[in-house]
Structures are given as C-alpha cells and as structure tokens.
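J.: OK, Swiss-Prot features for this one:
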type	residues	note
COMPBIAS	43-57	compositional bias 'Polar residues'
COMPBIAS	206-220	compositional bias 'Basic and acidic residues'
COMPBIAS	784-801	compositional bias 'Acidic residues'
COMPBIAS	802-815	compositional bias 'Low complexity'
COMPBIAS	816-833	compositional bias 'Acidic residues'
CARBOHYD	ASN442	N-linked glycosylation site
CARBOHYD	ASN520	N-linked glycosylation site
CARBOHYD	ASN550	N-linked glycosylation site
CARBOHYD	ASN702	N-linked glycosylation site
CARBOHYD	ASN761	N-linked glycosylation site
REGION	35-60	region 'Disordered'
REGION	101-126	region 'Disordered'
REGION	200-220	region 'Disordered'
REGION	752-838	region 'Disordered'
SIGNAL	1-34	signal peptide
TRANSMEM	838-858	transmembrane segment
Amino acid sequence: MTDTQQKIKAVLLTVLMVTSVFAATIAFSGAAAASERGAGDSYTTGPTDGNQDNVDSAGNVGAGAVVFQGEDDIEGEFADGNGDTVGIGELQKVSGDNEGILLESPIPQDQPTGRYTANPGVEGTEGVTLQTPRITDLEIQNSDEGDVTGSILQANNDNTAEILVDYNYDEAEDLELTVEDEDGLEVTEEILADGASETVNTNVNNDDHPNPAADGDRDDSFDAGFTINPSNVDEGEYTITVEGVEDLDFGDASETATVEITTDQTASLSLDSDEVTQGEDLGFDIENSPEGNFHAVVIEESEFRDSASASNYAKVFRNVGDTSDRGLVGEDADGNTVAVAPGDADSLESIDYAYGIVEIDGGTGVGSVETQYLDDSSIDIDLYEAANGDYTDNNAHVNDINLVTDDTYETDDEQDFDVLEGDLTIDSPSGTYVTGSEVDVNGTASEGIDDVAIYARDNNDYELVEIDSEETISVDGDDTFSEEDISLSGGDLGGNDILGLPGTYRIGVVDVEDADSNSNGTVDDSLTTSEFNSGVSSAESLRVTDTELNGTFITYNGQISSDDNQIDVEGQAPGKDNLVIAFVDSRGNAVATDISVDDDDTFSEDDISISALSEGTVTAHIISSGRDNLFGDGVSDSSSGFASLIEEEYASGSSTGDQVRSRILENSVDDTASDDLIVNEQFRLADGLTTVESVNSPVEANGTIEIEGTTNRKPDDNTITVELLDDEDESVTVDSTDEWSSDGQWSVSLDLSDENVEPGNFTVEADDGDNTDRQSVQIVEAGSLEEEQPATDTPEPDTDTPEPATDTPEPATDTPEPDTDTPEPDTETEEATTEATGPGFTAAIALIALVAAALLAVRRDN
C-alpha cells in the first residue's frame, strides 16, 4: 500500500467518525426536544397542552405516571435506587401472579396491569402504573338533555345534541368520534356542529378542542363530549363510535351506540297486542317523540265495564313504567270540569274519560292498561300531542281542561284493541257434598281476575256463599283460587243456608267486578240469573246429601278385659266435626266423652277409659248431633256439653242402665224434630282371661309345637308369652305374640330344631301378664312319627327291571361296527357287562369274543 492510499483512508476514517458524532448529537438533541407525554405525578394539563401540541400517546412519561395497555412510542428514564436509571422496557412488575415480569415496549394489549418499577423492593426506585384503557359511559343527549341513546333523536330547528363520554385514559390520548349511517358511510364531518371537533380531551376546552362536557351547560359528571347537529344529516339509524385517536382503539377503550334520527313531529302509539282477555294487562309504547315530552293517553267512558266503580275506572291506566299521573276527568257537583286521582274518583257527578300522562324517557314512553275495568268489546285508545305546559302541570293533568270536548287539542295517534270475556271454572266442590262436611273450594281464573265470589242457587236467584267468614276469594299469581277445609253450610249467608239442606242445586263462581251490580265496592248478597250469567262466571250442579254415621267398637271375643279397662272406636261421620261416645253398664253407671272427626270424615279414638263401669253387660253408643248441630230439640249445641249431661244428669242418682239409656235417646235421636244419629253396640266387661285351646301332641324332638288360644286382652298393650316347661317346671324354650284380631284368637309356634330336647312329657304355659293357662305335650324321638311306606309302592322297582333286558340286544346290533371303528364295540360291551350279572353270562361274553376273533381272521385272509 502506498503512502497516498494510507492518507486517503485516514481522511475517510476521520470523516466517518465526525459524521457519527454529529449524527449522535442530532439524535440526542432531538430526543431532548421531543414533546413530553406527561410528567407523571405532576401531570396536570394533558397531551393537548401548549407544551406538547400533540393529541396521541407518543412521548416521554415520568416517574409515577399512569400508562395503558396497548400504548406505543412512549419512553422514559427511571431511577433504580442505586444511582442508575433504566428505560421503560426494563421496569419490573412489583407484585401479584406475574411478579418480576418486564414491562414490554410497545406495551402489549394483554400486559398484566399493576405497578412496575426499576428495582422492586429498593427504596427510591421509580416506575409507572399500568391500567386497562376504558370508556365507562357513552350517552347521547338531545337539546333538552334527555338521554336518547339507542332510541330517537328529533332533528328540528337546528337544535344540537351532545355525545358525552366518561373514560380513564385522558393522560394518554384524545378521544376520536366516528359516525356512520345505516349504509356504513362515514358522516362524521357532516354531522358535527359548527365549530365542533372530532377529537376531545377531558383537560382541554378551547377553540381548537371544544369540550361541551366542560362548558357548564351539561352534566359535569361526564369527562368529555362532542357536539353534533342532527339536522345536518338525513333521517335514519346512525352508529356512533368513540375511541382513542391512535393506540387505544381496542376492547373497552372503544364504545359504540346507535340513535335513530327523525324529523317527524308526530308521536305514535303501539300496543303489545290487539286482543286481550278481560282482566289481562295491556302494555303500550309511545314513540317518535322528543325525550322528556309528556303525552296524554285517553280511553273514554263509553268503553268502561258497567259494574265497576268510579275508583276502579280511575285505575284503567296503571301506575307503572313512565306514567307520571292517572285518573278521571269529568264534572263535579258544581258542574266544573275536574281531573281527579283514583282516591277522589267517587266525588265526580259524571265521567268523560280515564287518562294517563306518560313521559318520553330513553326515546320511548312506556305504559299499561288494566283491562278488567273495560267492556268486553272493541276499545279505542287515543294518544294526544305532547303537552307544552298547556294541559299538564308538574307532569299531571291540569284541573280545568277536557281534552275530549275541547277542539283545541289534537291527537297524534289512535289505536284499538279487542277485549274478550274472561274464563272462570270451579273445580271443587263437584258432584256430591255432605252438608256440614269440610271440602276444598278451588278453580281457575283468566289472567287479570283478582278476586272471585261463590254463589249458590236453588230455584230463584244466586245467593252469596260465605267462605271461611269472607265474601270473596283472592286469585293467586298462577291464576288459580283455593280455600281449604271449608264448610259450605257453615256460614251465615243465603248461599250457606241453601247448601245446608239436602237437594240438588247450582254452585257458581263469578268475577267480583261483575258481582257489584250497584257499584258500591262490595259484592251483592244476591244476583239474578241474568246478572250472574252476564258477568265472567261459571256454574255447576251440586247434589247435597244429609250427614251419615257409621262406626264400631273394637272388642276381643266380644269382651273387654277389666284388667285393661280401655276400648277403641272407629268409623266415618261425613259432615261432622265432633261426636259423643257413651257407655252405660247394667247398674246405671255411665262414661261419656266427645271426640273429633278428621278432615277425611273418619274418626278413630284409642284407649277410651271405662274404669268407672262395673263388670257385666255394657252398651256402647256413638251419637251425632245431625245436620243442625243440635242434640235433640236444642238440648245442647256442643258434643262436650251433651257428654257432660250424660255423665252428670242422666246417670246420676239411682237410675238403672235402661233408664239412663232411655234418657239419652229421648234427648237426642228420639226428641221432637231431631235429626240426630246414633250407633249402638254391646259387649261384656269381664275379668282378663287368656286360654290355651289346642296344642299338637305328640311332637318329635326336632319338630315344632303349634299352640292356639283365645284372649280378651288388648293387643299392642299386652303380650302373650308361651313357654315349654319340663317336668321340673324349668323353661326349655319361649316365644310370644302381641298380635291378634278382634275374635281374640292367638297362636304361637315353638321351634325345637335348635333345642336339645329329650323325649318325655312337657307342659306348655301361656301367660298374658295377669293370667295363665297350661296344657300338656308329649315329645318323642326324632323320626319316630314318620309313616311307613305303603305296600303298594314296593313293586315300583320291578316295573323298571325289564328295561335293561330290552337294552341288552343293542350291543349285538352294533357288533358289526368294529369293521370301521373297533373301539366302539369294546366300550359298548363293557357297558353291557357292568349292567348285567348272573349265571352263564361270562360264557356268553367268551363266545362273542371267539366269534369276533374268527371274523377278524377271515378278514385278514381276504
């Protein structure tokens, strides 16, 4: 290499070094002069301040700053607490599931949120907080500050609307608005109001970046907003999207809403259905009206149900949804037009219409009609134009305006719907009813029927039936009504009287609204057949029968033991709640008590004490007070009272048993005009007795002794124990029973198979705890009682003897087979040999063997 070449290379190297230093200086200077994204904890003005002049998220961040997932192009230097600094991409997560991971740069959209520092755990270390960017609220408000998000925005008179936003990333980026029409065409620039910007920020409100959320005219709970003029675009549905201007346009950082822009000034009324069952609620919506408007909906008096009261007519429009007021308009006693609430409706002399005042909220006014107060016909409902303070005051109908008769007020829309008559059924009682008995009263009702009344008819009008001291029954939410354990004849009204006598009648159910013919708010005691049938009603035939009485006393072998002195009784008494049970002995002593009848019309009473009676013949009586619930001709009106009369009066003194029984009968079933019922039985009260009636004997030592007997003791309360005793009265085995029927017959089995019993004479003893009885039994050797086989059975083996003989020739017929299968004859021959024995049989076998050998020799010669 020449000196000249070396010099040229040195010059080039110098130029490169100088250029590199210059470039580095320029780069460093550029970084130092870059716009600051913010100074973290001291940050106050936002990315659109005069110091930065940028709207996106590029720039430096300082210690303590909040950064967001998805941010790109951000830088910063952070002290590590040891005198050094690190870049943003070297910060580490302080805690949590992902502790220690690095904060990547650019920041991924799914980077775990939390605190990141240069040197976690070291005092003086610096860092940032990572959050998820979010728009937490997006609301479209009309010029009256009504929320029309997702509904209708009226475009009229160049009134502007606002798109208001709450979000958390104002330190990172501005918000950007995008508006598209229903064809997907972007119309953002067109719909923006004059002077409005398509980008905003919470912290800025100036000519370049106006923020209507900060101008004091809007709800200051919003961070930022955009001003639009709906009159700038055509009618239709528009999609509004708000998101960050650069990086933060994903997930929760972006929010979308729709709005229907219309220029139509006429509101419309839509009904949920054009046909409802009377009593069913009918919902409606008012649409195409600016947010915050108030409209009147009206149903005229001619559409009302005839039997309802004024206070109910005032409830035609339900106080639900967006309804701010409801009531009636008519004339008072002085002839003045007045609007009254339901509570004052009865003060009207005449009624013109029912009204509801409904507010447009969220683009729609929602209301509902209570159709149970309307006639079952075609009903007209009118929607009046929005009130501008002319017919409303404080969102209520003013007092001296009649919308129907005053031509000043026009309707925006009207609709009609059909009201169909509802249905009622009465499912119980049905068929037959025993007077005085308790039954369930139940049935079904159409939706909207709140209460029903029960009526009964003989030949004339329908008479009200009192149900458990009430005149009506409420309908449950599942459209059924039900009352349990009701005595239809037990009330004080005309219908109860009808059902208290045997016969065939009509029982019916009617909507309470149709049972108030004079509209006084209470059901009528009586309805004509026409009045009953013209309402929502249903009726069935019901046959009423008289009370009955059946019963029996439980005795054992016709007796009750004086050791027990207790007796049971059971039976059926339809239509009764209580009965009298009485006992009279031959000496005139009496025991009487009252018992209750169960809901299923049965009665059962155990362990009635009869210890006051003498032994001997006893008569037992079950007495019912009958249909009129009176014993005799008013002798007593209660079972307990009549029982006391029997014990304390009829059985007092020196009366005989017959005299006591006579007094019971003459004051009950035999009294004048009495409808009492009685059941009579007789038994013997005697000493306790348990006897052994039969024992099978003799019995083998491994057999079973069967013991049977009778008793007059009560089972369950007593146990009969049976023992086998040896000749020294030592117990060999024992068993017991506490079950026997009313005939007193009992039985016990003593199993000897597990007992080591020697043959001999033994005793069986039965003991009921108070009484015993014995019988002897002989035990013999096991197997000694087996019967010998009959002589006619002996020949049976002989009849089978010829069978081997008939089978014997079979080997001979098979003998030629050895030509093809030699072993088979040998097997057959051996079988025959084992089967047959006797003199000369061995010689025959030898002969057969010789013949077989000869045949084999001949075969070989051939």
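Heads up, the Cβ atoms here are built off N, Cα and C, so glycines get one too.
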J.: Using a Cβ-Cβ cut-off under 8 angstroms and a sequence gap of six or more, which residues of the chain neighbour ASN550 (N-linked glycosylation site)?
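T.: When sequence neighbours closer than 6 are ignored, ASN550 (N-linked glycosylation site) has GLY571, GLN572, ALA573, VAL679 within Cβ distance under 8 Å.
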J.: Could you state the CA-to-CA distance between ASN761 (N-linked glycosylation site) and ASN702 (N-linked glycosylation site) to the nearest Å?
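T.: Approximately 15 Å lies between the Cα of ASN761 (N-linked glycosylation site) and that of ASN702 (N-linked glycosylation site).
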J.: What residues elsewhere in the chain lie close to the region 'Disordered' (101-126), defined as a C-beta under 8 angstroms and at least 6 residues from its ends?
T.: 63-64, 67-75, 78-82, 85-95, 132, 247, 250-251
J.: Out of ASN442, ASN702, ASN761, which of the glycosylation sites is least crowded by other Cβ atoms within 10 Å?
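T.: If we count Cβ atoms within 10 Å for the glycosylation sites ASN442, ASN702, ASN761, the smallest count is at ASN761.
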J.: Tally of helix, strand and coil residues over the region 'Disordered' (101-126) according to DSSP?
T.: 0 helix, 5 strand, 21 coil
J.: About how far apart, in whole Å, are the alpha carbons (Cα) of ASN442 (N-linked glycosylation site) and ASN702 (N-linked glycosylation site)?
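T.: Between the Cα atoms of ASN442 (N-linked glycosylation site) and ASN702 (N-linked glycosylation site), the distance comes to 66 Å.
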J.: About how far apart, in whole Å, are the alpha carbons (Cα) of ASN702 (N-linked glycosylation site) and ASN520 (N-linked glycosylation site)?
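T.: Spelling it out, the Cα of ASN702 (N-linked glycosylation site) and the Cα of ASN520 (N-linked glycosylation site) are 91 Å apart.
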J.: Let me know how many other Cβ atoms fall within 10 Å of the Cβ of ASN520 (N-linked glycosylation site).
T.: 10
